[in-house]
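*Asks:* Relevant sequence annotations retrieved from Swiss-Prot are reproduced here:
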type	residues	note
TRANSMEM	4-24	transmembrane segment
TRANSMEM	45-65	transmembrane segment
SITE	GLU54	site 'Reversibly protonated during proton transport'
Amino acid sequence: MSLIAAAIAIGLGALGAGIGNGLIVSRTVEGIARQPEAGKELRTLMFIGVALVEALPIIAVVIAFLAFFS
């Protein structure tokens, strides 16, 4: 049962991060296409947003390890 819980935690964490990263990057590309002069600021904010979204799978892996080893 703990294997299933670990797999679900990692899978949903990766799914959420993939969707979130895709949305962030697509909106950034749209913004840069509209205002090329704001590209540097948008790119910086994009990397901050992607880093925050990537925290989700890391937390999911920790939860999966806790479920697997407890």
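The first residue you see is number 1, and the count goes up from there.
Every residue gets a Cβ built from N, Cα and C, even glycine.
Describe the structural surroundings of these features, if you would.
*Replies:* If you look at the transmembrane segment (4-24), the same-chain residues 6 or more away from its ends with a CB under 8 A from one of its CBs are 46, 49-50, 53-54, 56-57, 59-61, 63-65, 67-68.
Around the Cβ of GLU54 (site 'Reversibly protonated during proton transport'), the same chain contributes ALA17, ASN21, each under 8 angstroms and 6 or more positions distant in sequence.
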